[in-house]
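So that you can see what the record holds, here are the features copied from TrEMBL:
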DOMAIN    A:18-370  domain 'tRNA-guanine(15) transglycosylase-like'
BINDING   A:D97, A:S98, A:G99, A:G100, A:Y101, A:D151, A:Q193, A:G220  substrate binding site
REGION    A:251-257  region 'RNA binding'
ACT_SITE  A:D270  active site, nucleophile
BINDING   A:C308, A:C310, A:C313, A:H339  Zn(2+) binding site
There are 2 protein chains.
Amino acid sequence: MAIKCETFSFEVQAQDGTARAGRIETAHGSIETPIFMPVGTQGTVKSLTPEDLRDEIEAQIILGNTYHLYLRPGLDVIKKHGGLHQFMNWNHPILTDSGGYQVFSLKDLRKIKEEGVLFQDHIGGAKHLFTPEKVIEIQETLGSDIMMAFDECPELPCTEDYMQKSMARTTRWAKRCLEARTRPDCALFGIIQGGTSEKLRKLHADELCKLPFDGFAIGGLSVGEAKDKMYETVEFTTPMMPDDKPKYLMGVGKPDDLIECIARGVDMFDCVLPSRNARNGQCFTHSGVVNIRNAEYAEDMAPIDPDCDCYTCKNYTRSYIRHLYKAKEILSARLCTLHNLHYFLTLVGQAREAIIEGRFEQFRLDYYAAKED
Amino acid sequence: MAIKCETFSFEVQAQDGTARAGRIETAHGSIETPIFMPVGTQGTVKSLTPEDLRDEIEAQIILGNTYHLYLRPGLDVIKKHGGLHQFMNWNHPILTDSGGYQVFSLKDLRKIKEEGVLFQDHIGGAKHLFTPEKVIEIQETLGSDIMMAFDECPELPCTEDYMQKSMARTTRWAKRCLEARTRPDCALFGIIQGGTSEKLRKLHADELCKLPFDGFAIGGLSVGEAKDKMYETVEFTTPMMPDDKPKYLMGVGKPDDLIECIARGVDMFDCVLPSRNARNGQCFTHSGVVNIRNAEYAEDMAPIDPDCDCYTCKNYTRSYIRHLYKAKEILSARLCTLHNLHYFLTLVGQAREAIIEGRFEQFRLDYYAAKED
């Protein structure tokens, strides 16, 4: 008999159209949804401390990568610390991916079998086998508050035949993941695949949502498909998912995407975009993107975003941050990451408020209007 | 008639042997000596914010580089912000070097004339002329609390003949620097050269210390000479300098060097060592150097320095920081820089207390004993 998570719960607090505001409870505290999760691939959200994340950005949950942490520092080190929370000194919720996405991205270096995936890692080239059981064992060692089931994310375009076979295997793996659980304080989400086909999504959702997962994710999007296809897929997939469980859209996205997918019923998001782009000097603002490396900002005395109250915008000019970027100073990455993540977290927080107050559609219109000013 | 600085003063508060504890007043607040100044070459102490410097490290004064800031972002940008303090959001004392050291390091790209130094910069290769007047103008534009006179730092070994000619020119330049001042809130220090020769140091100090500088520096050391030569030179040079002015040893050094040169009467230090080495994973501790990249720390659950109460040591294991370093994470540079600078500032702070309490020699013995444990 499979174990059940005793620390996890979810309630929808308000609904406005299809958009939802909710609350997730985990072993490390609660999360108000809709939420964006900063990505901390290697046990750190690049350039930031847990205090920056909590106090300056008001992050509620962060994401860790199973594949990367398994390879480096490795499970022995994590185990010795008592888990990922203690290792990185973050005492709030953590979601970990299953490593599936990374392993399948290795292409020539991996071989898919029913048992799992045999692959060579990108660091030393050593051989490893990831099975559903192994991936749960790793995530339980990390002490993840929300674990993800091991799935295949087929590269698009792919034949309907391959997608069907892959989905069937992902379902079998999902069941094995559920069976493999031993910790009652680690929740487990299933992942629905099916590309951009409504028929295939329905097929997979019908199978997967019967299983006793604590939440469900839409996988296999934001992998190169057209934006309208992505929105359309989210729109027809969320109604296939149980309303009393969180709905998580993996790997998405830009600010517009958050707004559009919140409108379509998504509760949770993660993406490297705000932090990665910050390191390249691309900052998100209420009036659109500011590429801080551009010459036009050399003597610009305004903050990155005049409508932002983050640490960076309260204290520094565009001119100074551009200087840091041009001089390749680490502080540039730090200040821009702080700003971008603050922007993303503020955006989902404002969307949540609007949903609770029944004015989400107006909020969405105002959001686009501000960008066009 | 040359202007005098109205905001600068210095008093010796205690003396213990040759070691001194004092207090400097500047336009941006006071500095308790002996003091170590973190280096912020390009308008940032790499990886840190002003809040980190002030609240976590208790830095009292930082150093900015005239040569680097003149080239990038350039004076127009700094002027627009109202000075370097505002540009980088640091509202406490700043000392700027004269650019002399950098310009003379360019070797094949510079030509020394009586007027000044003609050079090609290391970024775009453009030609520039640094004169004593220009260097004061730049530092006044930066709004430096303590400016440094334009000097030549001859490469060692050099002939006595060349050193004498160079020193004479440095003295003429020193006078021109004093004449060029226009701001009564920017102090100006002279720089004594003369290599490791007692005779030459005496020659130069006798000339230079007659001039109405607000403080004096020992230049031309820590450029590759043997450690005992450096200590010896400091030992015979500090008595040549006026006791009612701060004595600043430029570009020094390691923790041992601070202890040894405080013992020999030095009040002020600066060096890139703690911050640069931090980025290479070399951490200074009470029991010696910890190279965090070493395999021996992979599962080490201790903080970098068990006797340290800095943010890094309070919150992270050696194992975690080694992981960050191996994974090339920015946070590694940040946490190690924070620790190293905290170590340096704590060391000079403890030396100061020991001097005031008349137990500096015991402090020095205890310092070495702890390293041998």
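Cβ coordinates are placed from backbone N, Cα and C, and glycine is handled just like the others.
Taking the features listed in TrEMBL, we show where each one sits on the structure.
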{"residue": "A:D97", "record": "substrate binding site", "Cβ within 10 Å": "30"}
{"residue": "A:S98", "record": "substrate binding site", "Cβ within 10 Å": "28"}
{"residue": "A:G99", "record": "substrate binding site", "Cβ within 10 Å": "25"}
{"residue": "A:Y101", "record": "substrate binding site", "Cβ within 10 Å": "21"}
{"residue": "A:D151", "record": "substrate binding site", "Cβ within 10 Å": "31"}
{"residue": "A:G220", "record": "substrate binding site", "Cβ within 10 Å": "31"}
{"residue": "A:D270", "record": "active site, nucleophile", "Cβ within 10 Å": "22"}
{"residue": "A:C308", "record": "Zn(2+) binding site", "Cβ within 10 Å": "19"}
{"residue": "A:C313", "record": "Zn(2+) binding site", "Cβ within 10 Å": "24"}
{"residue": "A:H339", "record": "Zn(2+) binding site", "Cβ within 10 Å": "29"}
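Here the Cα atom of A:C313 (Zn(2+) binding site) is found 35 Å from that of A:G220 (substrate binding site). The substrate site in the record is lined by A:D97, A:S98, A:G99, A:G100, A:Y101, A:D151, A:Q193, A:G220, and its two most distant CA atoms lie 15 Å apart. The average pLDDT computed for the domain 'tRNA-guanine(15) transglycosylase-like' (A:18-370) is 97. Note on proximity: among A:D270, A:C308, A:C310, A:H339, the recorded positions of the record, the Cα nearest A:G99 (substrate binding site) is that of A:D270. Residue counts for the region 'RNA binding' (A:251-257) under DSSP (helix as H, G, I; strand as E, B; rest coil) come to 3 helix, 0 strand, 4 coil. Sequence-distant neighbours of A:C310 (Zn(2+) binding site) (same chain, six or more apart, CB under 8 Å from its CB) are A:E56, A:I57, A:L338, A:H339, A:H342, A:Y343, listed in sequence order. Taking Cβ-Cβ distances under 8 Å and a sequence gap of 6 or more within the same chain, the neighbours of A:G100 (substrate binding site) are A:V117, A:F130, A:V135, A:M148, A:F150, A:D151, A:E152, A:C153, A:I191. Look at A:H339 (Zn(2+) binding site): DSSP puts it in a helix. For the substrate site, the Cβ centre of A:D97, A:S98, A:G99, A:G100, A:Y101, A:D151, A:Q193, A:G220 serves as reference, and the other residues of the chain with Cβ at most 8 Å from it are A:F104, A:M148, A:A149, A:F150, A:E152, A:C153, A:I191, A:G219, A:M250.
Residues A:P303, A:I304, A:D305, A:D309, A:Y311, A:T312, A:K314, A:L338, A:H342, A:Y343 surround the recorded Zn(2+) site, their Cβ atoms falling within 8 Å of the Cβ centroid of A:C308, A:C310, A:C313, A:H339, which are themselves excluded. For the pair A:S98 (substrate binding site) and A:D270 (active site, nucleophile), the Cα-Cα distance reads 14 Å. For A:Q193 (substrate binding site), the number of other Cβ atoms no farther than 10 Å from its own Cβ, over all displayed protein chains, is 25. In this structure, A:D270 (active site, nucleophile) is part of a beta strand by DSSP. Note: the CA-CA distance between A:G220 (substrate binding site) and A:C308 (Zn(2+) binding site) rounds to 33 Å. In this structure, the CA atom of A:C308 (Zn(2+) binding site) is 22 Å away from the CA atom of the residue listed as 'active site, nucleophile'.
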